[in-house]
Amino acid sequence: MAASAVLALLLASALAGAAAGGDIVHQDDQAPKIPGCNNDFVLVKVQSWVGGNEGDEFVGVGARFGPKIVSKEKQATREPLTLADPIHACAPPKNKLVSGGVLLVERGKCKFTKKAKLAEAAGASGILIINSGTELYKMVCEKNETELDIHIPAVLLPKDAGQALRSLLTANTSSVGVQLYSPDRPVVDTAEVFLWLMAVGTVLCASYWSAWSAREAVTEQEKLLKDGHEVSLTVEGGGSSGIVDINVISAMMFVVVASCFLIMLYKLMSAWFIDLLVVIFCIGGVEGLQTCLVAILSRWFTSAAGSFVKVPFFGAISYLTMAVSPFCVVFAVLWAIYRQFPYAWIAQDILGIALIVTVIQIVRVPNLKVGSVLLSCAFLYDIFWVFVSKSLFHESVMIAVARGDNTDEDGVPMLLKIPRMFDPWGGYSIIGFGDILLPGLVVAFAMRYDWAGKKSLRCGYFLWSASAYGTGLLITYVALNLMDGHGQPALLYIVPFTLGTLMSLGWKRGELRNLWFKGEPERVCTHQGYLQMAKPPPAAAAHDDEDS
């Protein structure tokens, strides 16, 4: 399980960075802006109507030129749709347009602006241009175009959407109409609120479990001391305990290896590679869910949790684990099969949270020094792959991988996501595992420190570090909305708040050196018998030397 936890931490580190579901406004400084051609590129909804009945809805992109498209559906008038003749609309239309109708044309043979001017001259109220490919293309103006006085909206549709509208016109004797509008996203969507609560709640639960496990280990050792057994008071990671204490080298290597893994995801992103990630995620999710369920149920089924049986290749496994495992496997397999269904995100979040909680319980930061190195490297990693990578790869590598570009999926599985319920554009609000797991390791360290030193919430470090994490994540979503939905590196805001709070409090209380190097408060051992057995007093040792 420890090896799986380290692999899960690596996968989580590769996907740090928060994003919302798709940008509605895209500001492109490279495309020329001239008078009459200076609009932002916006997504536009094209609602079709056949014989007075509502039909399919399509999505296109507005042009740099022309008037701004209305944002509310009730303000958008329903206009009749006419197929252009000639189809490319590079000459005045031969067929007579219905007054105020929208012209459907194909891309090519002349400029976008010429098509729009001819359509406007023929009396059209708008123009829909069918792209030659399935992607969306930005309709721009050339720098030498000066007389751009276009008063009708122009929208480019992907080829499949345009062909669907064309089929409606050729196959139906009934009238076909369209509405064009570009609704705004809500300032704050409830999905972001629930996602924030989910992330903070996961960190709190994982921290509590980590501190409780550490305290149980110390209690067990103190019992052994009272019985006269020679054991160390220090809780060490590794070994049979299954706890992994990371060090400075491994903290830096996580980011290096995660960068290599992210590039591999970016370059190999395809349907088969997504399937491979789904399999890996299911394995980790099954182990995480199983570990969490066994820990919870063991309080009621103590006999089943304490009875073990040897299983080939797995060793000694409790009866409770054997009873829970089939459910976890079936749960993960059903999610993998039906993961594209509307409510599959619930199962994905359950598996993801269980995995994160389990990893934080197993992988531990021993002191603030290691935690600072880990989060500082992750801070630089997040900024580089969200912002700087645009100059090297012409797009944000982190966001492209998180969206699952070049696949039919809504994104890679190593994400927590919630649908944007009140957003007219739909989509998901998402957060990478790394934005919860990596800061969570430091918050869990703070709680273990408080419990070891028997500190109250106010006088300890956990409350303040958890509050700092929540504040940093909240600011991430504020920045996300201010940037019109463009993906934000969450660790850019989380790391300074979390580390800054811990270091400031430690320095103010005079405990920074202890936090930084030792990672646990000063404790006085009261088991004098154990001390005498482990190391004789100096006086007794000198007396023995005299006798000899």
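Quick reminder: no glycine exception, Cβ is built from N, Cα and C everywhere.
In TrEMBL this protein carries:
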DOMAIN    82-165  domain 'PA'
SIGNAL    1-21  signal peptide
TRANSMEM  193-211  transmembrane segment
TRANSMEM  246-266  transmembrane segment
TRANSMEM  272-301  transmembrane segment
TRANSMEM  313-337  transmembrane segment
TRANSMEM  343-363  transmembrane segment
TRANSMEM  370-388  transmembrane segment
TRANSMEM  425-447  transmembrane segment
TRANSMEM  459-478  transmembrane segment
TRANSMEM  490-507  transmembrane segment
Original post:
Taking every residue in the domain 'PA' (82-165), what is their average pLDDT?
Top reply: 86
Subject >> Tertiary contacts of the transmembrane segment (370-388), as residues 6+ beyond its ends and Cβ separation under 8 Å >> reply: 13, 16-17, 246-248, 251-252, 254-255, 258-259, 262, 396-399, 434, 438-439, 441-442, 445, 487-492, 495-496, 498-499, 502-503, 516
Original post:
Would the transmembrane segment (459-478) count as touching the transmembrane segment (313-337), if touching means at least three Cβ pairs under 8 Å and pairs must be 6 or more apart in sequence?
Top reply: no
Subject >> Tally of DSSP helical, extended and coil residues in the domain 'PA' (82-165) >> reply: 17 helix, 16 strand, 51 coil
